Amino acid sequence: AVLSPEQSEELHKYVIDGARAFLGIALVAHFLAFSATPWLH
């Protein structure tokens, strides 16, 4: 499927937002796991 510039831009925005959300959740999860495990300190 060939996307128009507008469509590919919109798709790219969703991909970037999804990646940001995923990274944010992963960072929070790792931080919580790190603070919840005393043997890492």
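Yeah, the Cβs are placed from backbone N, Cα and C, and that goes for glycine too.
Taken from Swiss-Prot as is:
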| type | residues | note |
| --- | --- | --- |
| BINDING | His12, His30 | bacteriochlorophyll binding site |
| TOPO_DOM | 1-13 | topological domain 'Cytoplasmic' |
| TOPO_DOM | 37-41 | topological domain 'Periplasmic' |
| TRANSMEM | 14-36 | transmembrane segment |
Sequence-remote partners of the topological domain 'Cytoplasmic' (1-13) [C-beta within less than 8 Å, at least six residues beyond its ends]: none
Cβ neighbours within the same chain of His12 (bacteriochlorophyll binding site) - under 8 Å, at least six residues apart: none
Overall pLDDT for the topological domain 'Periplasmic' (37-41), taken as the rounded mean: 70
Helix, strand and coil totals (DSSP H, G, I; E, B; other) for the topological domain 'Cytoplasmic' (1-13): 9 helix, 0 strand, 4 coil
